[in-house]
Amino acid sequence: MEIKKVCVVGIGVMGNGITQVSAQAGYDTSVVDLSDEILQRGLGNITKSLSKFVEKGKLTEEEMEEVVGRIKPTTDLKEGAKDADFVIEAVFERSDAKKEVFKELDEICPPDTILASNTSTIPISLLGSATKRPEKVMGTHFMNPVPLMRGVEMIRSLATSENTLNTSLEFIQSLGKETAVVKDSPGFVTNRLMPLILNEAAKMYEEGLSTVEDADKIVRLSFNWPMGPFQLFDLIGIDTICDVLEAVYTETGWERYKPAPIIRRMVEVGWTGRKAKKGFYEYTGWW
Ligand SMILES: NC(=O)c1ccc[n+]([C@@H]2O[C@H](COP(=O)([O-])OP(=O)(O)OC[C@H]3O[C@@H](n4cnc5c(N)ncnc54)[C@H](O)[C@@H]3O)[C@@H](O)[C@H]2O)c1
């Protein structure tokens, strides 16, 4: 099956990156979100990100305009998804919200359309169960920031067909990404590992073990990571990490995934990281 048209649902931290790489790879890409204001903010972030490619000489002004021209924003899911060959859902990490989107997509999209989710933890089989096409439902877990990170975790549920997997692998690779196939298990591979480190960092913060700057500095210098745990918290979104931890904890009962209280408190006051301009650090201007 040839993929020509892509639809991304949600233009938040991940949705805007996925929309960008899809349009950069030459696909007509519609993007759906709840309001024009959110869409405009997301498109603004895409333009800023593309401008950085232009500044670095990796893209011309003309190419940038072509990429932007391939993106069709809309608040109407039907309008955005009705003729899409491949849909990637990137809404909040809540199973009820995602299931509702999958149910609607199943009714809107042509029978051959593959419905993928960028979920960090929610079982793909659960999302598939909201549709009448579980064999065409996949997990395509992009990493943040999407335009720069090369790996995509490909999650196959018990019901996902070989054909869906192969078409999805080919499509994601056509975006210039590398793929790794993973079973439909809580947190998959990446989110079995990464949230544990961040949860432990939050507990160290509660203990006052060091400043966030020093903790990040020693991790960067010691492990050669590009950023420390608190920088990563703010980049990913503290609310998203909280949802990921809660989801793995709920599914497995493993105590080590229970979010440190400070994570919940920060979410309650809206200090969710870069997107809120305040998390473990404060931000001014564009990041
Ligand atoms: N943030 C990360 O680093 C990261 C990394 C990998 C995967 N993920 C996963 O990607 C998904 C999106 O995360 P995010 O960080 O981009 O979240 P986000 O909060 O930045 O964005 C979510 C977007 O979805 C929109 N939305 C909500 N319900 C919608 C609906 N019914 N229709 C259309 N749009 C809707 C919201 O308005 C918002 O713009 C989640 O499943 C998350 O677990 C996030």
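Backbone N, Cα and C atoms are what each Cβ position is placed from, and that goes for glycine too.
What TrEMBL says about this protein:
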type	residues	note
DOMAIN	5-184	domain '3-hydroxyacyl-CoA dehydrogenase NAD binding'
BINDING	Gly10, Ile11, Gly12, Val13, Met14, Gly15, Asp33, Glu93, Lys98, Ser120, Asn144, Lys275	NAD(+) binding site
SITE	His141	site 'Important for catalytic activity'
DOMAIN	187-283	domain '3-hydroxyacyl-CoA dehydrogenase C-terminal'
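Ranking the binding-site residues Gly10, Gly12 by C-beta neighbours within 10 Å puts Gly10 at the top. For Asp33 (NAD(+) binding site), the same-chain residues 6+ apart in sequence whose C-beta sits under 8 angstroms from its C-beta are Val9, Gly10, Ile11, Gly12, Gly15, Leu39, Gly42, Pro73, Thr75. Long-range neighbours of Asn144 (NAD(+) binding site) (same chain, six or more residues apart, CB within less than 8 Å of its CB): Val13, Met14, Gly17, Leu235, Ile236. Secondary structure of the domain '3-hydroxyacyl-CoA dehydrogenase C-terminal' (187-283), assigned with DSSP and counted as helix (H, G, I), strand (E, B) and coil, comes to 67 helix, 3 strand, 27 coil. For the pair formed by His141 (site 'Important for catalytic activity') and Lys98 (NAD(+) binding site), distance between Cα atoms is given as 14 Å, rounded to the nearest Å. Across the domain '3-hydroxyacyl-CoA dehydrogenase C-terminal' (187-283), mean pLDDT in this model comes to 96. Gly10, Asn144 are the binding-site residues among Gly10, Lys98, Asn144 whose C-beta comes within less than 6 Å of an atom of ligand 1, given in sequence order. Under DSSP, His141 (site 'Important for catalytic activity') is assigned to a strand (E or B) in the three-state scheme. Largest Cα to Cα distance within the recorded NAD(+) binders Gly10, Ile11, Gly12, Val13, Met14, Gly15, Asp33, Glu93, Lys98, Ser120, Asn144, Lys275: about 21 Å as a whole number. Around the Cβ of Lys98 (NAD(+) binding site), a 10 Å sphere holds 23 further Cβ atoms from the protein chains shown.
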